[in-house]
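Read through the structure below, which is laid out as C-alpha cells, and then see the notes.
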Amino acid sequence: MSIVTENILAALPNTTRGQPTPLAADAKGERIAYASNKSIFLRSIDNPATSTQYTQHTAPTTVARFAPSGFYCASGDASGVVRVWDCSPNGSGTTKGEYSIINGRINDIAWDGDSQRIIAVGDGKQRYGHCVTADSGNTVGEISGHSAQVNAVSIRQQRPLRAATVGDDKNLVFYHGAPFKFNSIPGRGNHTNYIYGTAFSPDGTHLVSVGGDKKIYLYDGKTGEVKAEVSDTSDGHTGSIFGVSWSKDSRSIVTCSGDRTVKTWDIEAAKVTHTWSFGDNINIADQQVGVVWPSRADGTIISLSLSGDLNYLNENSAKPTKIISGHSKNITALSVSSLDSQPTLWTGDYEGRLCAWDIAKGSAETIEGDGHTNIISGLAATTKSSNAQIYSVGWDDKIRTVDIGAHTFHGKPTSLNTQPKAVTCTSDSLVIVAQAESVIVYRDGEEDGELPLKSSPSALAAHGTTVAIGSADSSLRLYTVKPGSAPRQAAAVDKVSATTITALSFSADGSLLAVGTAAGKIYVYKISSGLTGFVTGSVSVDLVTDRWSAHTGKITSIAFNPEGTHAVSGSLDTNIHLWILNEPGKRIKATNAHKEGVNGVAWLKEGVYSTGADATIKKWKVSI
C-alpha cells in the first residue's frame, strides 16, 4: 500500500496592485518560475498542469530566477533570505545554500553568465542589496548608489561583467565587475517616477529600463551610456510599466503595464510592433504586472494579470492563445460533481474565487459573474443530473448557485442570517447550511426549516435524505430531511470525543460515516436501520473503529474510496493519511502534503485529490 504525488496543479503567482511581479524562464524556454505564498513553482510552458514545488522558505516568497546553466534556481523571500537549490528536471530540489542578504523583502535576483555569482536586491534597512557567490555566499561586490528600495537587477551575461539596478529613487545605477562596484548613474533625472524593471539584452549589447513614468530608456550594455528613449511614441503605454523582457535575438522587447496592455517594441526603430489589450471594460484585475519572453522557436510570451492569471501571447494572434487560471490564495473549500460521468473538481478560496477543474486536462476555469466577495467556506454539489448545480457559501453571508454545465453563476444569491461554516446538499437538492448557532434548510433559495441543536454546529455531511451534523460539544446528530416535511432526528451520539467535530464524510453507499475531530482523531461509524448502537430514532450508529489517530492537528477533510474499504484524511498538520477499514492500526502517511496545512481531500476513481493552504491541487497515486 502506498500514496505518492502524481501531479501538482500549481498555485498562481501572488500579485500586489502597483507593484511588479517577477516571472522567469529557463534558458531552454521550457519552464517558468515564480513565487506564490511560501513556495516557489517551476511550471512547464507546454504542459502547465506539470509543475514542481519548492517549499523550504519560511517566509512569503517574492522572486525566483533560473541560473543560465538550468541546474539551479535562486529564490528570495520577504525576510531577506535567498536560497539556492537544485532545479534540474530530474533533480531532488536539494538546497545548496541559504544566505541572509538584507533585513527586508527581496525584490529581485540576477545570475551572472557563469552561474557562479548572484546579486539580490530589495527593501533593506542597512543596505538595499548584496553580491555573493552562489555556492558559498562569499561577498563579490556591493550594491550602492541608491537612496530607496531597489526594485530590479540585471547582470550582463558576457565579459566584461556589468550589472544594473533600479529603484524607487528614480535612478539606474551601473556597476562594473567582478567584484561588482559602483560605476555611474547614467541618465540621472530621465525617469521621473519609480523605476520598476531593467534588463540586459541576451547578446549584452543593450540595457533597458522601464518605470512608473511610462517611459522606456535604452543604454549601451558595456558602458551604460544612454542611447535613446524608446517610449517617445503616440501608441506607447498610458500607465505604469511594471515589467520588461528581451526577445532571444536582442532586437525586440516586451513590456507590461497597468494600462491593461502588453506591447512588443522594435528597439532600433523605437516603435510598437504589437499590442495586446486585456478586458473589454476597465477592470483592475486585468492590469499586467509581470512578463517574460522565453527563448522559444514559437515566440511565446507569457504575461501576468493582477488577478494572477498567466496569459500566453503570440504576435500572430490578437488575443491570448491560452490563459492559465487557478488560485493564488488558500483553497478553503472543495467539492466534486459528475455530469455525464465526467468528474469536475470545484474549489473556492480565501478571496472568494471559485474554479472548476477539468481533471483530464488539469486546467481550471474561473467562474465569472456575481461571485463571493470573501472567503468561500463551503461547496456542495447536487446528485441529480437533471438539476446539476453547485452551491457555495461564503463569509459575505450568501448562498450562491452555479450551473455545472454552463460554469456560470445563475439566479439571485440567498442572504444568510449569520456567517456560514459549512454547506451540504441532499438528494432532493435541499441545501443545508451550518451557521453560527443553527443549521438551516433552504429550498429553491428560500428558508424551509431548521434542524434543532443544543450546541454550535461545526461540520456537515449528507447522503440521500440523511444529514449528519457535528457540533462543538462533540455531539453527532443524524436527521432525515425531506421537502415539505419537518426534519426528523434519526440517531445521535452525545459524545464522540473530548474535542470539537471538524469533519464528516459518508461512504459512497451511505453505510459508513467518518468523524474527524480537532484533536486529530477519526472515528468511523456504521450507519444502518435496526435497534443496536446509539438509538434515538430509526437509524442505528455503531462504532467501527476509533484507532485512526495519527494526525497531530485538526482534521479538515475525510474521503472514502468508491468501495468504502479505505479512506484518506487531511489535517492542519500538513499530512495526508491513507487508512484501511479492516486493519485500523495500519496506515500510510504522505508527509508535508501541503505547506501550511491540508484543507480538502477527495477520492475518485482517477485517484486522490487534495487542496491546501499553499493554493495547490495535488493528485495522488494510491496503490492498495
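Sequential numbering from 1, following the chain as shown.
Just so you know, glycine gets a Cβ as well, placed from its N, Cα and C.
TrEMBL has this to say about the protein:
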| type | residues | note |
| --- | --- | --- |
| REPEAT | 54-86 | repeat 'WD' |
| REPEAT | 188-229 | repeat 'WD' |
| REPEAT | 234-275 | repeat 'WD' |
| REPEAT | 548-579 | repeat 'WD' |
| REPEAT | 591-624 | repeat 'WD' |
Task: Confidence summary (mean pLDDT) of the repeat 'WD' (54-86) - done: 98
TODO: Six or more residues out from either end of the repeat 'WD' (188-229), which same-chain residues have a Cβ under 8 Å from its Cβ atoms?
DONE: 20, 151-158, 160, 162, 164-168, 170-172, 174, 236-246, 248-250, 253, 255, 257, 265, 267, 270, 295
Task: Stretch with greatest number of CB pairs under 8 Å, the repeat 'WD' (548-579) reference, 54-86, 234-275, 591-624 candidates - done: 591-624
TODO: Could you put numbers on the helix, strand and coil content of the repeat 'WD' (54-86), residue by residue per DSSP?
DONE: 0 helix, 19 strand, 14 coil
